[in-house]
């Protein structure tokens with residue numbers, strides 16, 4: 001029996017894929033996108049798996065559904081999907097979704113050049129520049145970001161002691177700067193990152209309490225951000241973000257950049273008004289900026305922004321037929 005056909009706009013944000021699903025998204029229960037996210041995970045996670053996992057997706061695939069706004073002041077709402085689940089917030093996903101939606105005529109802003117978007121992590125403001133039919137760039141004013149844990153030494157089996165910070169930028173990140181047991185991003189292979197990241201995340205998740213003060217459904221270390229030397233002109237720092245089971249973000253990562261800004265602000269290395277050009281593992285760049293200081297519960301926090309670009313790569317119609325033994329996807333590792 002046919003389960004559904006999903007029309008999609010495929011794109012990438014600075015090298016990382018975004019699949020905007022334009023039809024077939026379910027009617028979700030809940031007043032907020034946080035509540036709708038929980039309903040999607042409970043009732044419709046087969047859609048995510050079918051569209052993100054092989055054979056219709058791949059290890060790096062991420063995507064989004066565009067929904068009507070939950071708030072009176074918003075233009076739209078976004079539900080993020082990827083191989084690891086439904087993230088509360090996704091920076092590269094927002095940039096790609098907004099670009100694809102505007103260029104495809106799926107989103108009409110109340111005020112050209114500006115958008116207000118409801119996401120599971122809260123509400124974000126967006127600015128963009130469009131020349132003719134093409135969106136040149138998108139700037140996200142993200143949810144508040146803060147440093148949750150500082151200078152925590154974890155014992156990583158097989159690697160040894162590793163000092164990390166944990167910072168929130170829409171998701172919780174274990175941030176690893178160069179040190180004795182990590183010589184820096186450019187001195188490790190992608191295989192090294194894929195090998196050690198799940199172990200670091202598991203230990204950090206087990207030993208550190210990470211629960212968002214305003215939304216307890218947002219909890220636990222989900223990403224690992226490794227830092228190192230830059231390769232692109234104009235970059236202030238470089239990172240490789242691990243997420244899911246075996247994915248390394250090809251973009252500089254929007255929520256990761258937000259988390260990095262919060263970490264550097266907490267350490268006194270950045271101040272309000274500073275920009276920070278953040279580089280990905282492939283050398284693509286986001287421009288992060290600390291817009292303002294704020295609070296998240298008892299934590300000192302920042303209001304970060306991230307500016308980047310995306311390009312549409314194609315359009316497709318994906319059929320999910322439960323007569324197919326791989327209708328709901330698979331993962332090899």
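A Cβ is built for glycine as well, from the same backbone N, Cα and C atoms used for every other residue.
Not measured: the values here are computed from a predicted model.
Cβ contacts within 10 Å of residue 90 (active site, proton acceptor), excluding its own Cβ and spanning all protein chains shown: 30. Swiss-Prot lists 90 with the feature active site, proton acceptor, giving similarity to another entry as the kind of evidence.
According to DSSP, residue 249 (substrate binding site) sits in a coil region rather than a helix or strand. Per Swiss-Prot, the feature substrate binding site maps to 91, 92, 223, 249, 254, 255; the stated evidence is similarity to another entry.
Marked as active site, proton donor by Swiss-Prot: 253.
Of all the binding-site residues listed (91, 254), 254 sits in the most crowded Cβ setting, with the most other Cβ atoms within 10 Å. Taking only the Cα positions, the spacing between residue 254 (substrate binding site) and residue 90 (active site, proton acceptor) is 7 angstrom. If you draw a 10 Å sphere around the CB of residue 92 (substrate binding site), it holds 33 other CB atoms from the protein chains shown. Largest Cα-to-Cα span within the substrate-binding set 91, 92, 223, 249, 254, 255: 14 Å. Surrounding the centroid of the Cβ atoms of 91, 92, 223, 249, 254, 255, where the record places substrate, the chain contributes additional residues within 8 Å, namely 90, 93, 169, 170, 171, 241, 251, 252, 253, 256, 257, 258.
Here the recorded positions are 223, 249, 253, 255; the one with the fewest Cβ atoms within 10 Å of its Cβ is 223.
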